[in-house]
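Participant: Relevant sequence annotations retrieved from Swiss-Prot are reproduced here:
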BINDING   HIS111, HIS113, HIS191, ASP212  Zn(2+) 1 binding site
BINDING   ASP115, HIS116, ASP212, HIS257  Zn(2+) 2 binding site
MOD_RES   SER36  phosphoserine
Amino acid sequence: METMKIGNITLTWLDGGVTHMDGGAMFGVVPKPLWSKKYPVNEKNQIELRTDPILIQKDGLNIIIDAGIGYGKLTDKQKRNYGVTQESNVKPSLAALGLTVADIDVIAMTHLHFDHACGLTEYEGERLVSVFPNAVIYTSAVEWDEMRHPNIRSKNTYWKENWEAVAGQVKTFEDTLTITEGITMHHTGGHSDGHSVLICEDAGETAVHMADLMPTHAHRNPLWVLAYDDYPMTSIPQKQKWQAFAAEKDAWFIFYHDAEYRALQWEEDGSIKKSVKRMKR
């Protein structure tokens, strides 16, 4: 597992499974001859997208960003459609760190689409139960409302199987939430109406998790937004805002979906200054 430090904050990437989504959907109106130069694509026009939760450890707290694809939650048809070739191994990942799911204090849900929220619940016999029974689950109030009352478009990604069993653990926020000193969530909208980003700051160092406003390093251009985005004209200025914040702080960007990089810093000209590459198994 890859790990890095932001000041006294430790970040570790867990194994949350993998999807292979349509490249055209992931890059929206950007022509394939452009995006395919920046991110690998297979013969089915799919790109590899990890669904790997990021464990944040600070002040004795164990915090996870998003929950992975889950295990035993998807039908064969769903696995085919979403290119799922491996389900979540979050429990073994935690065990390798001397932790269990019961040790997780907080889950910071940037949004509640299935590829981020399936790992919140699991089947115990015929019944769905919480995977992280002791955790507070934070998400924006808008996202929580969207999850429980999806519209004709969003019902394909907001599933009751992912929220009903954990409803009692959820706490919402409006604009900004401080999880603990130096770790904050900020409602952005864009990808979904309730989408949020997460910032880690400690000892003069900063990491920015743009979540699905910038799911991979290839989405750095503010105009390269997803066809999946419900509000692309919100995504663009929010990307600009948080990229400017990151540039001012010389921040790292950390990724949940990227198959190549766990984290990186960019130079002003767009070249990569430093990186933590994903160790491919």
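Cβ coordinates are placed from backbone N, Cα and C, and glycine is handled just like the others.
How buried are these features, and what lies next to them?
Facilitator: For HIS111 (Zn(2+) 1 binding site), the number of other Cβ atoms no farther than 10 Å from its own Cβ, over all displayed protein chains, is 27.
HIS116 (Zn(2+) 2 binding site) carries a helical DSSP state (H, G or I). For HIS116 (Zn(2+) 2 binding site), the same-chain residues 6+ apart in sequence whose C-beta sits under 8 angstroms from its C-beta are THR51, ASP66, ALA67, GLY68, MET109, THR110, TYR256.
Taking a C-beta cut-off of under 8 Å and a sequence gap of six or more, SER36 (phosphoserine) has these contacts in its own chain: GLY23. Secondary structure at SER36 (phosphoserine), as computed by DSSP, is coil.
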Participant: Beyond the listed site residues HIS111, HIS113, HIS191, ASP212, identify every same-chain residue whose Cβ lies within 8 Å of the center of their Cβ atoms for the Zn(2+) 1 site.
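Facilitator: Here the nearby residues are THR110, LEU112, HIS116, SER192, HIS195, ALA211, TYR228.
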Participant: List the residues in the vicinity of the Zn(2+) 2 site, defined as same-chain residues other than ASP115, HIS116, ASP212, HIS257 with C-beta within 8 angstroms of the site's C-beta centre.
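Facilitator: So the extra residues in range turn out to be LEU49, THR51, ASP66, THR110, HIS111, HIS113, ALA211, PRO215, TYR256.
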